[in-house]
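**Q** Under the heading compositional bias 'Polar residues', TrEMBL lists 1025-1048, 1061-1079. The annotation domain 'Fibronectin type-III' is assigned in TrEMBL to 315-410, 411-510, 515-606. The region 'Disordered' annotation in TrEMBL covers 1015-1079. According to TrEMBL, the transmembrane segment annotation covers 811-836.
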Amino acid sequence: EGESDFLKCLLYMRHCYNVNIVISGSPETPQNLRCITHDLNILICSWNVASLSNHGLTYEFCHASGCVRTEDKKANVPLVLFQDTTIRITTLNASENLATKTFVLTEQNVSLVPPTPRILSLTPDFKTSLLHLKWNDSGSVWPYEADARWQIEVLRKNTLETVIYHSKLTLKDTVLSWDWKSDMPLECISHYVKIRCYIDEQMFLGKKEWSEWSPLKMIPGKDSDPDVVQVFPDETTVVVGSNVTFCCVCKEGDRVKNLAYGSKTYPLIRLSNRSTAIQVPNVGVSISSGTNIVCYPEINTLFGTVVFVGYPPDSPQNLSCETLNFSEIICSWDTGQPTKLLQKTVYILSERISGINVTCKEERTAKINHCVFPVIGNQKIYNFTVKASNPLGQPESSLLIDVNQRVHPEAPSEFTVRDLSPTNVSLSWYLCGNFTEIRLLCQIEVNSINSEAKSYNVSLDGAENSFYYTSVENLHPYTTYAYRARCAASEHFWKWSKWSETKHYRTLEASPSRAPDIWRVRSADGESLEVFWKPLPLSDTNGVIQYHEVFWSLPEKNVSSVEVPVWKNSTKIKLGKNNYIISVVAKNRAGFSPPSTITSVELPNDGVKTEHGIATGDGIYISWYSDPNVTCGYTVQWCCSSKSEFCSVNWETFSSNMTAAVIKSALFQPGVRYSFSLYGCKHDGYQLLQYINGYVKELAPKVAPNFTVEHTTSDSILVKWEDMPVEDCQGFLMGYLLFFAKEEEGTLKPRSSETGHLEQKVKNITDLTKKSLTILDLQGKTSYRLDLQAYTIGGKGPQKGIYVVTKDDSLGLIIAILVPVAVAIVLGVVTSIFCYRKREWIKETFYPDIPNPENSKALQFQKTLCEGNAALKTLEMNPCTPNSVEVLETQLSFPKIEDTEIMSPAADELPEDGSDIETENHVVVSYCPPIIEEEEISNPPLDEPVGSSQVVYIDIQSMYQPQVKPEEEPEVDCVSSAGYKPQMQLPVSALKIENQSTAAEDLDKTAGYRPQANTQAWNLDSPDSPGSITSNNENGSFGSPCSINSRQFLIPPKDDEDSPKPNNIGWSFTNFFQNKPND
């Protein structure tokens, strides 16, 4: 089966060859022409033929420049860019041309393939694990500049890293270099490097391809050396935070069992048969002696190395160079953070112009490092570079200076001070260095105890002997000053030198520069005068005061004097009856002060007022009115003392144009009253103008005022208090607060009212002239607590309290009983008088009289006139619907009404039997019933019942004249006097009379009971109704048989429940007062 497969393969190959011959023609025909260029100058073309046998064949390669013969199937052709090239290739043998083929070559068919790079060197740096690669770029073969890319591969077992390096071809051969840092020591395993090139020529339109790889360059690892057994890297230094790889190379046939970094172990990485590695990430700072790496082989003994972990040096910061004396230059810089390494950082100071390098010492304990460089001849410009180096880095910093502009002199020495006068001194000092070529600026500082430091700047030329001199003026005599100096360059200021040592020196004495401040106080009897003066301030004494001399004299008389020791500040002079002019001078070793003069004359004054000063917290503000006669100022005098201390006179003088001042003194104390006297200085003497009291600060009174209760009553208490001593007030009194409340002695607090609030009351007494107060509106026989306290602007003082009980209020009790009794009696008397006077009205209102019909005159007929008229009809009311009133007549002397029947207005039917109502024994009285409706009805038609009319009752008594007593009645005829006729005498003026009766008819109708016998005076409507026809008649009758004294019917029905009642019963508001209910 295997042989069959092989035969099939051969047959297939033969078939393919035949096909190729068919397609291409002759097997010797050239084909697959490929042309490349390495330098854009020459084309390197190659081709092949289908024939498997090339023995004895040659090829003729023809192009525009000519033909060449070759046996290698390769030929070179000059490259012409941007132009097609025709190439004819002919295959020849010894006797004939076998085949010919022509190719047209365009630029797009040409490939640009750079020549294979050649590595010049590959150098390892095992200490830093760096590979340093060098190669030639062959730039000279290119006709013009071009960009090149170089692909570099570093390999260990396999490809480790590939990088692209860019360069520029510059028409000449250039050696290029590249450094690569390995992540593991180079000793651990062999490393290989190869390189190839790519030309990125933009003008070439053909294909661009990478060149062939260069031959491998190898750096062998120590694992290939059988004699090496070691841990790598060996005693190296790494940066904190690095990821470090350690490897252990053991003997042939042995294996690493463990590899430890310090006390920790890490996973093993097998690099080769002999080499094993570990990776330690993010290493920390090691101790000063380093960290151990120990390798534990399986067979042989352990071995190892040490590693140091720290920081690279910082770049020198704040580099500064200056000269102190023009003989050397000192450069200084900030070293930055410590490296934490055992190895020192090396600093090298180099000057590029002169080419001089100076190695500097590292000062481990100092953050600032210094290095000294010598000044070179006349060189003024220096270009310094400071390089810091340790195994982890080599940073550097540079600085360019002009030495004349960086002058920083040393501190002046040998500083001295000499006297020139009481106000001038001379200074001198020594300044190390040769400053003859520049000008110096020196600063002198002068300081005294009592003043601020002053500085004086002096410009000086550089001295050859380095000694410098100056003077200081306008000093104060006999004053100790502190002097010191420093210098710098004047034209190009850089830095001041340090201060020289301080020198203290006192100036000479001089005469006192100011006259003493003097005052005088005249005795009460005017016989003596005490002169006071204040010690001169130290700034005015100009030396030590030995004594004061006092002079006094009368005008144009001899002068008397006395010397007063310096420890005294006053003296007494006896005046007698004279006034003197006094002068005071101060004396020191240098001379006398100017004199102070004052007169003893005091001008009279009248009505000096006392004012209050204002406390300011640190003084007392006083003010006064300006006096035009004051020409030489004002003097304020006061005395600082208490009762137990000696009075020390103090004063202060002010100019004539001032009207206010704040008096301050270190002796002033809060809460103490001070009295001031204001004097005005006039041309002929001093005059007292004003007294002023004041406090530097007002406080609350320190004691309570004393007070007593002088008198008490049942409702008042009289309280009196005393004036407080001035020293206890501690301020100007503003008033007193008197508190009072009900309180039993021994309780803790005042009683509370029903609302829960304290009943304590307070009275504010602001009138300081009052020394007593009466508390009113108190309760009798009650205990009160009284508290009194004074207050100032500074606050309220303590309280003093007493208990008081008011007297018993017996008079009040008597009054409380008698007053209600008296009020009741007065009310009773007034009520009785009122009722007596209004008795008739009260009787009429509440209990009106009801007349007895038996006593009615209307029923008492005169027999002489009325006999024979038994059938006389008394009242007939037409056209009203009649209600029957039956009056039973008997044989009595007066008719007696037995029954009265009041019928309903609707009962207008006659009896069925048609019998006549009017009989001998009955008198029918017709009337309109008193009916009140809600609406007023006008005069109705005659055919309608009048019972529906509105009738208003009025007081009948007001309509009639008073009745005449029987014994006084005149004789009347039968018509005018017969029966009860109260309306017969009423004038009826507005009534429309339809029928006029004769006198005879009237006489016939007078028999019996006829109260309304005058029927013509009847009104169909109520006389009070506005619609009534008689509403304008004041005395018209309203047609109702009523009593004169009552508005009730004369004969009310009794127990006649079955009798008809009127539908509408009239009623008025006055009935409420005058009608009694029907029984």
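Cβ coordinates are placed from backbone N, Cα and C, and glycine is handled just like the others.
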**Q** Which residues of the chain, 6 or more past the ends of the transmembrane segment (811-836), have a CB below 8 A from one of its CBs?
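**A** Here the qualifying positions are 714, 780, 842.
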**Q** Give me the DSSP three-state residue breakdown of the domain 'Fibronectin type-III' (315-410), ordered helix, strand, coil.
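**A** For the domain 'Fibronectin type-III' (315-410), the helix, strand and coil counts are 3 helix, 51 strand, 42 coil.
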**Q** How does the domain 'Fibronectin type-III' (411-510) divide up by DSSP, counting helix, then strand, then coil residues?
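**A** Counts, helix then strand then coil: 0 helix, 54 strand, 46 coil.
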**Q** Could you tell me the mean pLDDT the prediction assigns to the domain 'Fibronectin type-III' (315-410)?
**A** 89
